[in-house]
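Data block below; observations after.
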């Protein structure tokens with residue numbers, strides 16, 4: 001008995017390893033996807049290591065490292081901001097904020113979206129109808145306007161932004177997951193599982209969820225890009241936490257300082273490039289994953 | 001928008017179905033009934049969405065903030081008497097249900113109350129600012145659609161080529177750039193740097209006649225470029241992938257076999273069919289474009305609704321933001337409705 005379970009587990013893991021290897025083999029064909037992955041690796045690494053590379057005192061406004069608004073030099077590669085902090089250090093710390101917000105908001109959105117999508121696809125009747133109505137209700141709202149209004153009403157903090165983005169962006173995921181759930185549940189092996197006595201919970205977690213995950217993964221990568229852009233936008237509109245140096249709030253600070261009229265390019269250029277690079281990297285990865293999952297899309 | 005493909009290109013599925021299970025008699029009456037039902041369903045759906053938006057806006061701006069007066073006067077020196085006077089002015093001392101009913105009745109009469117920071121009716125402020133936004137959004141939509149669809153068609157028809165790869169790459173990059181930042185960079189380079197364009201606003205005071213038109217156009221160049229840059233990518237990508245989907249279709253082989261030239265096959269057969277998803281996107285995308293306008297108007301001090309929204313947010317001026325929220329949402333719902341109503345006209349397959 002014991003050996004039998006061990007073999008089954010081994011078989012499962014062998015199958016999973018093969019699936020991952022095949023996925024990676026397909027993904028590797030996409031040069032843009034590899035570029036995106038490399039860029040992401042750099043940013044994630046710097047976000048993780050920044051406390052050791054730079055140290056938290058780089059963010060101190062009261063004891064800044066240099067003079068305010070200095071152009072790039074050997075000491076400050078990207079110059080200094082209005083209070084004399086190194087812009088490069090701000091960007092490095094900002095990567096932490098932007099990636100955290102991006103991932104956290106996406107996590108909320110994906111979790112809510114998958115749950116509602118699977119429930120709406122699995123059950124029929126009033127529950128599914130109600131969930132679909134709620135999804136449609138959120139879908140017609142101008143998402144970004146809603147997110148910004150929510151952030152304005154809830155008060156200024158990072159968690160507010162995370163909630164505002166998460167709450168407003170789940171309906172697309174829900175739609176996608178529901179469609180995939182319906183497609184999966186039409187297959188004969190679901191009927192077999194039901195005939196063998198599998199309940200709702202078993203069917204949803206053991207059969208539907210694993211089949212929905214790949215699409216959710218592609219959606220996740222695309223959504224992180226959107227969430228990072230939204231975060232920077234909310235911060236730029238002055239609704240972010242002013243004490244946290246996110247990329248968006250750095251741009252806003254640069255604008256307030258008059259970077260636009262007096263040409264302080266080193267202050268305003270780097271945060272925008274960082275946002276664009278990360279958003280582009282996530283988008284490229286998402287498209288590459290979509291291409292792997294759906295070969296029809298591969299020559300897009 | 002475009003001519004429909006010749007009827008041999010796309011089979012009229014409903015006609016096939018009609019011929020199959022119904023006699024010729026009673027078909028017209030049937031179709032009328034189905035069309036009315038379709039129309040009614042869509043109109044009802046839009047009305048329900050609109051009611052949902054009004055509910056949401058009340059919930060969002062009256063209930064979530066807890067005490068709206070405290071939120072609006074945050075960081076300002078106000079006495080308790082002033083706060084109480086404000087609460088009375090906004091009707092916050094009455095029961096919640098009564099507040100909701102009066103809000104609902106107000107919205108139905110397009111009365112969104114008075115702005116907190118300007119002490120003027122929200123509606124008249126919206127009226128003043130509507131024109132500039134319509135101009136900016138309309139012009140940028142027209143350019144984005146034309147540019148995006150054209151580049152998308154070129155890209156798909158010669159997919160994998162250098163031009164295609166460059167165009168897709170540029171579009172994806174511009175899509176990833178925050179629009180407000182792009183606007184600021186354009187100001188740094190072309191307005192305060194090279195001095196080619198004005199840095200902000202829409203008009204130079206004192207300019208009249210035909211010169212005023214040119215003046216507005218001159219002011220509009222940079223905002224327009226910014227908005228188009230972030231919007232056109234979606235049209236390009238959708239048009240491109242939808243045309244790629246059509247490229248393998250049998251009817252294109254038939255068209256070629258008939259001896260049509262390549263451009264004819266593209267123009268008369270492939271593109272009209274591939275346009276369908278792009279057409280829906282044009283309407284569904286309006287929410288995204290509107291939000292782009294909020295940022296672009298803020299950056300360029302364009303005197304439109306988006307800048308008004310920003311002015312409201314920074315206080316926060318709840319009645320103003322609430323009114324604009326309802327108006328923006330209503331615009332999106334209206335555009336979705338238009339898309340639903342137009343789609344059967346251009347695609348016979350989904351005709352009711």
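Each Cβ is built from the backbone N, Cα and C atoms, and glycine gets one as well.
Caution: TrEMBL annotation is automatic and unverified by curators.
Residue ranges B:174-197, B:246-269 are listed, and TrEMBL annotates B:174-197 among them as transmembrane segment.
Range annotated as region 'Disordered' by TrEMBL, chosen from B:1-28, B:29-56: B:1-28.
The stretch from B:133-153, B:174-197, B:217-238, B:274-300, B:320-346 with the most CB pairs below 8 A to the transmembrane segment (B:43-64) is B:320-346. Contact counts against the transmembrane segment (B:133-153), taken as Cβ pairs under 8 Å, peak for B:217-238 among the stretches B:174-197, B:217-238, B:274-300, B:320-346.
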